[in-house]
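Novice: So Swiss-Prot lists the following for this protein:
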type    : residues                                 : note
BINDING : Gly11, Gly12, Gly13, His14, Ala15, Gly16 : FAD binding site
BINDING : 272-286                                  : NAD(+) binding site
Amino acid sequence: MNKHFDVIVIGGGHAGVEAALASARLNKKTALINLYKDRIAAMPCNPSVGGPAKGIVVREIDALGGEMAKAADKTALQTKLLNSSRGPGVWALRVQSDKEEYSKYMQKIVEEQINLQLIESIATDLIIENNTVTGVLLKDGEILKSKCVVLTTGTYLKSEILTGHEKFSSGPNEEPTSNGISESLKKSGVELFRFKTGTPPRIYKNSVDLSKAIKEPGTDAKLAFSFSTNEYTPIEKQELCYLIHSSSETKKIIEDNLTKSAMYSGKVESIGPRYCPSFEDKIVRFSSKETHQIFIEPESISGDAWYIQGFSTSMPTDVQLLMIRSLPGFEKAEVKTWAYAIEYDCVNPMQLNPSLEIKNINNLFTAGQINGTSGYEEAAGQGLIAGINASRKIDGLDPLILRRDEAYIGVMIDDLINKGVWEPYRLLTSRAEHRLLLRNDNAEHRLKEKGYEIGLIKQAEYNEYLKYTEEINNAIKELEEIRFTPKSELAIKLKELGQADLSHGYSGIEILKIPTVDIEVMIPYISSLQNLKNNQLQSIVIETRFAGYVKTERKTVERLVKLEKKKIPSDIDYDKVENLATEARQKLKKVKPLNIGQASRITGVNPADIQMLLFYLKNNYATEQK
């Protein structure tokens, strides 16, 4: 086995896979350490990819040259466009994934990737010399040397499983946990804290009756995450999900047994996810509600179990069985896998640079749940950035840092390093102040150029993107030039459908600006709209109808970007900046922002503090500020 690498990635989950692939594709000799090769990119919790904000992250990963979007498209059981009745800033794609096939797909990609070696082992310790990571110690005593290390350990750092009053050391699915890395980080002055998450039970399909459940089909449209996907599963071949509601009996069972839950017995000392609470937590927090939604989802086309979305719990197994059998259609349910909660160590992400490198340990990057986030998509996005930046650091290049107006990935990383996390962080559209610019349809326009410049987007795909963009521009040009009279076929059709009544001549673009007009009706009459992808049509409609809002938003961004260009020297002494609030001074010292824009987003730093900082920089670092 080779013992010298450019980059070592510890952990083969969604963050680790993206980090390792990015590094290897950028011509770095890369090792990916994971205990079992058949657990690469496993889905230990929900068998799905995407959702609000998260689905846009998957598109961003694809635009930068990552793999998650392709894997999700290839292994989708159902595809659904969410929030389609609302504004385009919150549209999002979600797929129900075949978790077995997803993992197999990623395993194949990893094993076939040039420059990438998959090592089946456990990393038990980091080798850190003079505040610089130089390698990794494996469980068999083998030492691997490297220039950079990316930690993507998920929920495996000093993890403990909790069910009822039982608590024991283990990773998800009873896999080994890792304690040594936590101790290494602590010795190097890295602040750690404990978070909690959980997973629901899995129920044998043949033991439940879903005849009275509400069917939840996918969306009947050609939808995909990846720019390169051209094959779509027709709606009639997609798998169904189902919706049921818990009963009043379910609520009573939980209320009667609440002290048996690990959450409410004092066993859990860590903080759980606000946006994915345990079922007993829902009963306590929303005590006035008698019932709660529960989604029944397939895990695999070849699988024999349902995933019970929204029903995670840390109750003992005897109480879990009572809870499950109180659900409509689950009176005779048989459990394949019991629910459990899991506690694990995280790094305080305010100790990270925007590149995701730990500030006080050179060449050590972290990504995924170790940074306090939740979700496969958030992890994959961070993993991609960490892998890219580890590679770029070796080459002596500036890191890739995405701004908040460029990507949801940028919003997430900016939130992590400047605001910190006090509970598992979930990406939401409400976290993005520029969400009209960060849409489901325009990830390619925002990031494909960057992916190409970095080297992850190959020439052939880049040429396809240029063609894609040209087709949109040609269509908009034709819409601006072509005119339709009230007696034209299109005008008559629109009137018949009740979408518009043209009283005089209109250009195609003026017609498209009418909110009630469906662009699909216009396609037969506009040659350049024909054969366009769904995303291209979406972009044309949104850019046309929201042009004024988009223009205003871009002007706002231009002003903010100017603040990003006002650099803060690394040797600044914040104690010498007069009239700074005490909290602001403490936070600035801790975060060490690179520029005024970043400083302005730190929790506890107010506009008055920024003015004092600008005044100090002008008087003491005038040359650097020009």
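Each Cβ is built from the backbone N, Cα and C atoms, and glycine gets one as well.
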Novice: By Cβ count within 10 Å, point out the most packed of the binding-site residues listed: Ala15, Cys276, Val284.
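Specialist: Output for this query is Ala15.
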Novice: Would you count the other C-beta atoms found within 10 angstroms of the C-beta of His14 (FAD binding site) for me?
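Specialist: Total other Cβ atoms inside 10 Å, all chains included: 34.
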Novice: Whole-number answer please: how many Å between the C-alpha atoms of Gly16 (FAD binding site) and Val284 (NAD(+) binding site)?
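Specialist: Roughly 36 Å, rounded to the nearest whole number.
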Novice: Write down the Cα-Cα distance for Ser278 (NAD(+) binding site) and Gly11 (FAD binding site), rounded and given in Å.
Specialist: 26
Novice: Taking the Cα atoms as reference points, how far is Cys276 (NAD(+) binding site) from Ala15 (FAD binding site) in Å?
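Specialist: Approximately 20 Å lies between the Cα of Cys276 (NAD(+) binding site) and that of Ala15 (FAD binding site).
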Novice: Select the most exposed residue of Gly12, Gly13, Ser278, Glu280, Phe286, where exposure means the fewest other Cβ atoms within 10 Å, treating these as the binding-site residues.
Specialist: Phe286
Novice: Round to a whole number and give the Cα-to-Cα distance in Å for the pair His14 (FAD binding site) and Ser278 (NAD(+) binding site).
Specialist: 23
Novice: Starting from the Cβ of Gly16 (FAD binding site), draw a 10 Å sphere and report how many other Cβ atoms land inside it.
Specialist: 30
